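Report on the following structure.
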Amino acid sequence: RCRGLLQQLHQDLARAPGGPVQPGPRGLPARAVSYLMQKAEQRRALRRWEQLLNSTRSHRGRITVENDVDLHGPTRDFVYINEYKVGPGVNLVPVAVGCECGDCMAEAAGGCCPGASHNKFAYNETGQVRIRAGLPIYECNSRCRCGADCPNRVVQKGIRYDLCIFRTGNGRGWGVRTLERIRKNSFVMEY
């Protein structure tokens, strides 16, 4: 009934200091028991962090957290945000223009947002980038008449894929990887 827990126990014992550790006639060595207790506390802390990340998200993609490398828990200097935060010394100028389109792809009016890109829409119907790398992308914005389902609003919809924050095994700290297949030229996330 506890196959998953037993597999996890065996994996932890294989990674324990001085491992793989095997129970002896008197049970597990004290260092292995200490490691298992630290690993259990780490898992609880990572689950709390994962729940916090997912409770504050405003996007479709789910975030998981994994650390199969060491005993580090959630990093204290990590701040997860759902909106842009302007750094010191940066002054934003509000967008002054928007389009009058009802459907930007089908009936783009002369002043549609991609006008700055010579009226080339940056995305195809499935949200994949179709313009040459290095060109700016002008998405529809809050001043546009088109709705939130406009195909020219991709980045502002946020993460669409399930992602995992994981501890790297090469000493570089935490990283991000996808948990599902992503088509070429698709927006994944801002990082």
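Think of each number as a place in line: the chain as shown, counted from 1.
Even glycines carry a Cβ here, placed using N, Cα and C.
The Zn(2+) 2 binding site annotation in TrEMBL covers CYS99, CYS113, CYS140, CYS144. Positions annotated as Zn(2+) 1 binding site by TrEMBL: CYS99, CYS101, CYS104, CYS112. Taken from TrEMBL, the feature Zn(2+) 3 binding site applies to CYS104, CYS140, CYS146, CYS150. Annotation source TrEMBL lists domain 'Pre-SET' at 97-158.
Positions of TrEMBL features highlighted on the structure.
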| residue | record | Cβ contacts under 8 Å, 6 or more apart |
| --- | --- | --- |
| CYS113 | Zn(2+) 2 binding site | VAL97, GLY98, CYS99, CYS104, TYR138, GLU139, CYS140, ASN141, CYS144, ASN152 |
| CYS146 | Zn(2+) 3 binding site | CYS99, CYS101, GLY102, ASP103, CYS104, CYS140, ASN152, ARG153 |
| CYS150 | Zn(2+) 3 binding site | CYS101, ASP103, CYS104, CYS140, CYS144 |
Counting by DSSP, what is the helix, strand and coil composition of the domain 'Pre-SET' (97-158)?
8 helix, 3 strand, 51 coil
So around the Zn(2+) 2 site, CYS99, CYS113, CYS140, CYS144 aside, which residues have their CB within 8 A of the centroid of those CB atoms?
GLY98, CYS101, CYS104, CYS112, GLU139, ASN141, ARG143, ARG145, CYS146, CYS150, ASN152
Other than CYS104, CYS140, CYS146, CYS150, which residues of the chain come within 8 Å of the Zn(2+) 3 site, judged by Cβ distance to the Cβ centroid of those residues?
CYS99, CYS101, ASP103, MET105, CYS112, CYS113, CYS144, ARG145, GLY147, PRO151, ASN152, ARG153
Among the binding-site residues CYS140, CYS144, which residue has the largest number of other Cβ atoms within 10 Å of its own Cβ?
CYS140
